[in-house]
C-alpha cells in the first residue's frame, strides 16, 4: 500500500502517535522518522516496531493496539488545531476516530484528507483533458483489486486509498462531455447541501427529528405545486426515491381514490383495474402495476405519432374497449418528456378524456418537469395543471444531485388517508406541536432520506431565474446540435423536425454504408454501428452518449443535455469524435 506521505495524497510527514515526553520509546523515534518523505518514514517505523508490534497484524489486545496508535492533542483548542501532519494513518483505525477518546484530531485530519480527495475529483470532473471514464471490464477490476470484505479492520491509510481507487474508476458525471444519462452535471451548491444532509444524518418521518428539513419540504413542494398551476400551491406531495417510485405512488393513490376499500381488503375486493400510458412511456408504469398487484397485463399501451406523442383518439378508443369488457379504467399516465424522444404528450386533450370518463390523470414529468421553470419552454406542458398528480425529478433537467424526485398531488389529505398506519411509537397524537408536520405516515417508507435540502439550497443560490437560464441553455445546445447534423453527411435523423426537449436522436452512417440501398442488409449493418462507437468512446474515455433501438428503428444515438457545463465546443467535439471513431466501420 502506498504511503500517504507522498504522491497524490500529500497527507503530511509527521506521526503524532508517539509520546513526546518519553523519547526513548520506538514510537518517539518513529515520530522523528516520519519527517522523511517519500514513504521512507513509514518503512523506518516498520523496522522500529518490528513484526510483533504492527498494529494491524499484531493480534494483541484491543487495549494494546489502541495504545500503540494513541494520538495526543497538545493544542487545548476546540476544535483541535494540531497540524494534521502529526497523524500517521498507517497506525490508525476507524476506532481511533470520534467518538474515541482523544479522537478529535485524527477525525479532523482524516475528514480533511477525504475532503481533499473529493475536491481534487471535483476539479478533475470539469477538466476536459481528463477522461470521462477510465474503463475496465468487470473481470479486470475484480482481478486487479481485492474488493472482498474481511473480518479484521484495515488502517485508515488503506481506507483513504480505497476512496481514491473508487473515484479513479467512477464515471465523471459532471464532465462537460458526459451525455449518457438524463441526470448529468455536478452543481457545487447541491454538492455542499448533500454533504450537509449526510452530516445531519436524520430521517424525514417526524418534525421532532427533522424540524428544518420537514419545513423545507413543505415550502418547496408548495412552490412546485404553484408552478404547476394549482391555486395557491394547494395539494400535497412528497419526495421519493426516484421517478419510478413517484409514478407508483400515483398509481397507488389513484386506486385508493376510486376504491378505498382496497387498502384493507386487497385486490380481491375490487374489479379488474386498467391503466393507460403511451407506448413510449417509462417502464416504471408496468413495474408499479406489478408491485401493486394490478399486473402488467392491466397496463394498456397507447399508440404514439411519429414524434413519440400519445394519440388521444387511440386512448379514447382503448378506454371504450376496456369498459365494454367490464373492466374499470382508473389511471391515465401521460408523459411530459419521454425518455428516448423527449416527447410531450398532448396534456389538454388527455385531460379532456380523463374528465369525460372520470379517470385519474397522472403526468410523468420526471424528465420534462424542469421546463416549467422556463418562460420560453413551459408551454410544452400546457394542461399539466389539470392533472391529479405529477411526477417531477429535479435531479434530471434541473441538475440537482441524485436523488431528488417529487410526487405532487392535487387533492390534499388523500396521500395521508391512503398510506397512514398510525404507528403509535412514531406518530403520537398528544405531541406538543402541529401534527400536520409529521409527514412520515403518508409515505410508504419509514426511513426516508432528506432529499429536499439540495433542491432548496440550490433554489436559494440560483433563484428561479437561474434554473430558467440553465434549462434554456441546455435546450439551445440541443438545437445547435440538431442544426449541425440534420443536413451533415453521414447523419440521419430518427424523426423529422426540431426536438421538443434536449433529446436529439440520430444515426451515424459510416462511409461504407452510405452507398448501400435502404434495405434490410443496410439496417442490419447500421444497427451494429452505434454499439461499436459507444464501446470505443468508453475505451478512449473521451465522451459518452447513449444508444438504443425503439420499435422498428435499429440502434440509434440518443443525445441528451442537462449539464450546464457543456458548451458549443463540447457539441462540436462530440460530432468530430463520433466521426473519428466510426469512419472505419
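Here the Cβ of each residue, glycine as well, is placed from N, Cα and C on the backbone.
The region 'Disordered' annotation in Swiss-Prot covers 1-25. Summarising the annotation, Swiss-Prot assigns phosphoserine to 3, 6, 10, 13, 17. According to Swiss-Prot, the feature S-palmitoyl cysteine maps to 30, 45. Feature annotation from Swiss-Prot assigns substrate binding site to 181, 182, 183, 558. Annotation comment: Swiss-Prot describes 396 as N6-(pyridoxal phosphate)lysine, evidence class similarity to another entry.
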Please identify, from the recorded positions 396, 558, the residue with the sparsest Cβ neighbourhood, meaning fewest other Cβ atoms within 10 angstroms.
558
Sparsest Cβ surroundings (other CB atoms within 10 Å) among the binding-site residues 181, 183:
181
Starting from the Cβ centroid of 181, 182, 183, 558, the recorded substrate site, name every other residue in that chain with its Cβ within 8 Å, sequence order please.
180, 184, 339, 396, 546, 560, 562
181, 182, 183, 558 filtered to the binding-site residues whose C-alpha is within 10 Å of residue 396 (N6-(pyridoxal phosphate)lysine):
181, 182, 183
Once the chains shown are all counted, how many other Cβ atoms turn up within 10 Å of the Cβ of residue 182 (substrate binding site)?
22
